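These notes are about the structure you will find just below.
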DNA sequence: CAGCTTACCTGCCGGC
DNA sequence: TGCCGGCAGGTAAGCT
């Protein structure tokens, strides 16, 4: 589930329900989710017990909770990760991987739980990572970050021949966009994802960026309801998916603009969805073919 | 070295 | 019913 809007929903929930709490115990139920932590499962737990969570930050799809002392609990949800805040007695979720006992002054104890079916996600304690974990340094700012540099983004996109969808998914260029929001933003801009960046006009890239922001903001508005006082629920699917998707997952359904059935094609080991009329396939998908000059002899 | 493929996991769904 | 392939919104390592 998690692209930027979903991760932001989780961040807000953690800000509300976990920040200010002290970690009193950590239980690692599966080692895989802490594989990135150089200390190993035991060291991971030891580095957290007794610490207080002082904030909840995010860049793109990465999330971290700074700790008193300057380290941070870093999290990535991967494909199926969830962060849940539960009362300690709640039955264990099927894919519960790590749990943290939390105590906040003047409040009932709670449990923070990392639940992840596929375990592509993970947790780590980032040494000195309170401001920006080293593990996140290569990730670009996301389009909702006030310091995101629009001009630099436009310039970089137009410098490369790579298809625009691939560039949207490149987290070192712009972060937070995944397969769904890439397809949705491209549909809104009427651009095919195979259009080479270098063949787009600056105004088109700007318009695309504006649509990326719009679709993420819309999603955020609808995903914000899945929190309540007791738990942090990551299920952004329910509200947003049914109503607002115009391209992603809509194969065969009529395009909401022109009625043409949405098409699905293979893309980078998954799928792309687009309207073949509104978003025409570029004539030469890529490969700048040019005629070699005659050889002097 | 930019750009593409592959690996990493588990579960579900549809076809045979 | 059971088995198998395909597919799922993630990143990053590895190959060309």
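Backbone N, Cα and C atoms are what each Cβ position is placed from, and that goes for glycine too.
All TrEMBL annotations are machine predictions without curation.
Pulled from TrEMBL:
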- A:2: active site, schiff-base intermediate with DNA (ACT_SITE)
- A:3: active site, proton donor (ACT_SITE)
- A:61: active site, proton donor (ACT_SITE)
- A:270: active site, proton donor (ACT_SITE)
- A:95, A:118, A:160: DNA binding site (BINDING)
- A:2-121: domain 'Formamidopyrimidine-DNA glycosylase catalytic' (DOMAIN)
- A:246-280: domain 'FPG-type' (DOMAIN)
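Features as recorded by TrEMBL, highlighted on the structure.
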residue	record	Cβ contacts under 8 Å, 6 or more apart
A:3	active site, proton donor	A:61, A:176, A:177, A:178, A:180, A:181, A:216
A:95	DNA binding site	A:80, A:115, A:116, A:117
A:118	DNA binding site	A:78, A:79, A:80
A:160	DNA binding site	A:167, A:196, A:197, A:198
A:270	active site, proton donor	A:179
Q) Which value in Å gives the longest Cα to Cα span across the DNA site residues A:95, A:118, A:160 as recorded? A) 41
Q) Near residue A:61 (active site, proton donor), how many other Cβ atoms are within 10 Å of its Cβ? A) 25
Q | Positions whose Cβ lies under 8 angstroms from the domain 'FPG-type' (A:246-280), at least six residues beyond its ends | A | 165-166, 169, 179-180, 183-184, 186-188, 190-193
Q: Taking helix as H, G and I and strand as E and B in DSSP, count the residues of the domain 'Formamidopyrimidine-DNA glycosylase catalytic' (A:2-121) in helix, strand and coil.
A: 26 helix, 44 strand, 50 coil
Q) Over the domain 'FPG-type' (A:246-280), what does the predicted model average in pLDDT? A) 95
Q: Have a look around the residue listed as 'active site, schiff-base intermediate with DNA' and count the other CB atoms within 10 A of its CB, chains all included.
A: 24
Q. Where does residue A:270 (active site, proton donor) sit by DSSP, helix, strand or coil?
A. strand
Q. Helix, strand, coil residue numbers for the domain 'FPG-type' (A:246-280) per DSSP?
A. 0 helix, 12 strand, 23 coil
